[in-house]
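Comments concern the structure below.
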């Protein structure tokens, strides 16, 4: 701009500069070639053609190439002076385009007023050319201006400029599109500096273990052969259990998700969200053990989740048919109309009100709206009123009327008889109405209580979940399912999005059957006395399985692919077809199209009579879906689908829709009628529900069995650990409830072991990885470890009471192998904690409770499982109590009588008696007896230290133990001691009188 008008033509290698004041100064052009960048202070520089760099063609604001590139990538993308959008500069960019017009006739030269000078660029010459003056008598067209050709060139130039701007905008859209096409997640292997030493120690430990057992087997203890044999058998079993537990942790990985890419791909601005719908299941049984307020918080966290409201449906299964649960859900729906707008307006976490209002933190952190404080106080007041109403319902339900409960219209509650009642479904929110206080739509909330009749096996929780699968398929049919226990609320509102980063990933999602989240808990004491957090399993074992074929299903906090629950095999890896295959596929498609045109006006040949009126829509859905590549059911006749899935045509049609959805032409009344039918008692008769489809029956731990079946079909699972825990729940923190929980898990494993689905012999030839099989075998046989564990915990007391030991006197070589084994055990644990991030106190609590549970709950589970398999004696399912008390750790010291407490108490007393007896014996026998005593004392103290949390729980808050526990334990310990005690602790042990010749003749 300071140089004036620059003009010329392409026929000569020169340009014409016309100063604004009528004078030309060569210094101006020289200044242009050596300008300073107004942003960074560096020289603007030149292009590779030797010309000054020009960023803005409008105002020539001096900007160097580095600042230009930065502004284009990260800045505002406009010129700092004139605010014109920067154009994309391709290749070698010059300050002024060199115009060539050597061939023009001198009389038709460019317009140059008098006093102007002609300047040639430096790469051609440094001389000035005297310009010719304009002849006013000649037409401007003579000089090339104003002609048609000039106008065409100007139009072409303008079009190019507009196209350059459009290309620049397209480039931005292209970068966004490229970002959206990137993978939605990635796997992060453990660093080699952490995992390689861990693997090396494992291999060294295997070698040392081999030499250790070689020594143990070849060096029996002849004086205590029975003790030696028992100890060797126990140690071999421990070694096998360690191998089954260790090698599935050989390939641990972590994963990272990209939620922004998920939004870019499936939530484009101005268009409806393309995220897949999700049906969320919440299961509850007894409202007295599972407080309705806990269930209400879980439901509220689901309804307020950060996900499109039209894509979320919440189904609450009330397997106890309690009117209290139904009324509590109605109150929850009313409060949700206020709670959900508050959560989304201020983006609060977590979205379970009880947890949100009870957290100790600065709730003003990150909140800049002045109205937040006022609205938060009002919302807390509303929540307290909501709690009062729910607690009033609970108090009212404590006393059941003789005639049973009645509803508001005076009709009896259908679920008055818990074991004999019809199926019930109530759509509380969604469909017709259901708006929040801001007038926005709310997610769908459905109450479901399946039909129950005498003489029917309802299969407990697994049967309830299968009923929800069918109901949701009829009413909403989302392609993905999330199941939660009633006490597990959503702690991270983006948890579903985290799962969708795996399930909706085009490169990974098709083979993923479920995404499992770790379980995290609230209300656990800081010391975690009974290892309720179970971090060793969730942070070590599950990461290892994720590197193989995926984690096992743990019963809650899991997002499923609906098609995987229908017993289908995982899709095969696609290979590029050959030319012959391509020709064959084209020929088949042509024939298929011709056949469809011929059959267009004919009725469907299916024997299934649909309940829906729109038969054409039903036929269209079935035919469209059956043409999909990879659907194994496309070749299955309809009568076989009925034998597999049941007699509901609406449900069968829903299973054929891979992407979910229901028929829009169907009425709500017809769908509800069909939903009532699919939860009837007899629906599953003579079908494959519970055998090959849905949650698998045959064990109280249906979660392990269900995940095992999916992995056998070739599916893989994903372990997702977001930084903010996705879900949180409550755990039984008192000793008795915790042991009963472990007993139920162990009993389920025993049931699987004696069933046809035992991982030792089931699923060969399928898609189950051999390391994954190791993990399932270990999760099935671990209760049997209770027998060698009880025996091994008894051996120290026996050795102290009898004076014998399980090993002979060790030489130097044997001592080396024993020491090496102990070092390898500790090194393995330390390196495991290093790559997993598990703290040493958490690892130690896990080790302690492994012993406590092993000698109590696991032992009883084996006996109960044998009674069930051999004598048909079934055990009742015990619902774990969910704490609803406001007092922190109020249940920690609560003591409840259970026979599970007797074995560990007996072992404690036995080892304490053994320690006293061993020390008394050493005191009386002199200095030489102390050496062998140390090994026995170490052995006994190992048992006592591991049982120490049990001892604290046994004593309770007031250090009082029930008399019956003390009597039984002392009785068993005394009987066992009398069988082994052959010493007098107050006299030295001798083999008889010492006889020597005195040298006197007594005769």
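Cβ coordinates are placed from backbone N, Cα and C, and glycine is handled just like the others.
If you look up TrEMBL, you'll see 319, 703 marked as active site. Summarising the annotation, TrEMBL assigns UDP-alpha-D-glucose binding site to 283, 289, 290, 319, 460. TrEMBL lists 461, 485 with the feature Mn(2+) binding site. The annotation domain 'Cellulose synthase RING-type zinc finger' is assigned in TrEMBL to 29-92. For 196-213, 225-244, 781-803, 815-837, 849-867, 900-921, 933-951, 963-981, the entry in TrEMBL reads transmembrane segment.
Whole-number maximum of the Cα to Cα distances across the UDP-alpha-D-glucose-binding residues 283, 289, 290, 319, 460: 16 angstrom. When Cβ atoms from all protein chains are considered, those within 10 Å of residue 283 (UDP-alpha-D-glucose binding site) total 22, not counting its own. Over the domain 'Cellulose synthase RING-type zinc finger' (29-92), the average per-residue pLDDT in this prediction is 72. Ranking the recorded positions 290, 319, 460 by Cα distance from residue 485 (Mn(2+) binding site) puts 290 first.
For the transmembrane segment (196-213), the residues of the chain that approach it from at least six positions outside its boundaries are 232, 235-236, 239, 246, 250, 817-818, 820-821, 824-825, 827-828, 831-832, 834-835, judged by C-beta separation under 8 angstroms. Stretch with the largest number of CB pairs closer than 8 A to the transmembrane segment (849-867), among 781-803, 815-837, 900-921, 933-951: 781-803. Between the transmembrane segment (781-803) and the stretches 815-837, 900-921, 933-951, the greatest number of Cβ pairs separated by less than 8 Å involves 900-921.
Other Cβ atoms within 10 Å of the Cβ of residue 460 (UDP-alpha-D-glucose binding site) number 17 in total over all chains. Recorded residues residue 460 (UDP-alpha-D-glucose binding site) and residue 319 (active site) have their alpha carbons 8 Å apart, per Cα-Cα distance. Comparing the Cα of residue 319 (active site) with the Cα of every entry in 289, 290, 461, these being the binding-site residues, the smallest distance points to 461. The number of other CB atoms found within 10 A of the CB of residue 290 (UDP-alpha-D-glucose binding site), across every protein chain shown, is 24. For residue 290 (UDP-alpha-D-glucose binding site) paired with residue 703 (active site), the C-alpha to C-alpha distance reads 20 Å. By the criterion of other Cβ atoms within 10 Å of the residue's own Cβ, the least surrounded of the binding-site residues 289, 461 is 289.
In space, 283 is the closest of the recorded positions 283, 289, 703 to residue 461 (Mn(2+) binding site), judged by Cα positions. A 10 Å cutoff on Cβ-Cβ distances gives residue 485 (Mn(2+) binding site) a total of 24 other Cβ atoms nearby, all chains included.
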